[in-house]
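A.B. asks: In case it helps, TrEMBL gives these features for our protein:
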- 38-60: transmembrane segment (TRANSMEM)
- 137-156: transmembrane segment (TRANSMEM)
- 176-196: transmembrane segment (TRANSMEM)
- 208-228: transmembrane segment (TRANSMEM)
- 248-268: transmembrane segment (TRANSMEM)
- 275-292: transmembrane segment (TRANSMEM)
- 298-317: transmembrane segment (TRANSMEM)
Amino acid sequence: MASSRLKYLSLGVLVFQTTSLVLTMRYSRTLQAEGPRYLASSAVVVAEVMKIFTCVLLVFKDHNYSMRALNSVLRQEIAHKPIETLKLAIPSGIYTLQNNLLYVALSNLDAATYQVTYQLKILTTALFSVSMLGRRLGVFQWLSLLILMAGVALVQWPSDSAPVPEKEALSAGSQFVGVTAVLVACCSSGFAGVYFEKILKESKQSVWVRNIQLGMFGLVFGLFGMLAYDGERVKESGMFQGYNTVTWTVVALQALGGLVIAAVIKYADNILKGFATSLSIILSTLISYFWLQDFQPTGVFFLGAILVIMATFLYGYEGKPPPNPSRA
Ligand code: C5P
């Protein structure tokens, strides 16, 4: 009962977090910024630090605010179990690679193609859940995943009134590089998410300790990335150049995202995470329309939204009728 409450709570917080992140990012783009823009590579590092810090606080709370207990848990579970800790280097490394691939993709594709193609991760996640976790999906569930994918793709379809790409048409070669990068990112997203889910569900280890392990590697990879891409700029103006209140909000929401995704993977699963993020895309688009007035929903958008909502109900539908007798 309690875990079912946590499942819906974590999914609800994910919808809230994704929606506010999209809106804040959109808002930050409409702001007239003075001075240098903040470095994206620095934002990644700061978000990792925030995540680790919050997870340490959560472990501290779980041990009745005892410094001694915290110290011993961190030492026993992280320092004294190097193999267990190293296991988290895999999803962490893959996520770092993924973030870079998405950057390559965005530089070679228009935003709409990128966003629409990236929805294939809904299917790769399902395929990895079946092959790595032995999860069984019924016909309705596979169907609902296809509908979900199509729905999110339509929701993100550019409207006719959208301005023609400002750059000259992207070359076929660059399209190919972009699409390949997104397809690899779809596989890495599915694999890393399901791998983390497997680690979480196979051991009794607290999700927050696991997240500290993940974050430690993320921090190391992120620091390398920052020095490699922006080393010169960091030396010149520091890693916090261009930070303002909105930047801090975006970074905090990104850190919160990592924490909520971990909770969703623990209490629900990666497939449900796909539904939560799809619903939040619709929600943020609608809020953006009513509040920021920077978006004009089209018929295609509404069709996509209806498909996403239908898929969500269809996915939950099969679990309720006659229980599967062969279920272990
Ligand atoms: O697109 P996708 O859903 O795969 O993105 C997941 C994101 O969540 C990645 O950017 C990854 O860094 C982040 N994440 C995290 N902590 C976790 C799991 C994922 O920060 N425990």
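Keep in mind that glycine also has a Cβ here, set from the backbone N, Cα and C atoms.
Because the structure is a prediction, the values reported are computed rather than measured.
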A.B. asks: Thinking of Cβ pairs under 8 Å, which stretch from 137-156, 208-228, 248-268, 275-292, 298-317 has the most of them with the transmembrane segment (38-60)?
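C.D. replies: Answer is 208-228, with the largest number of Cβ pairs below 8 Å.
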A.B. asks: Given the transmembrane segment (275-292), which of the listed stretches 137-156, 176-196, 208-228 has the most Cβ pairs that are under 8 Å apart from it?
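C.D. replies: Ranking 137-156, 176-196, 208-228 by Cβ pairs under 8 Å to the transmembrane segment (275-292) puts 137-156 first.
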A.B. asks: Based on Cβ pairs under 8 Å, which of the stretches 137-156, 176-196, 248-268 lies most in contact with the transmembrane segment (208-228)?
C.D. replies: 248-268
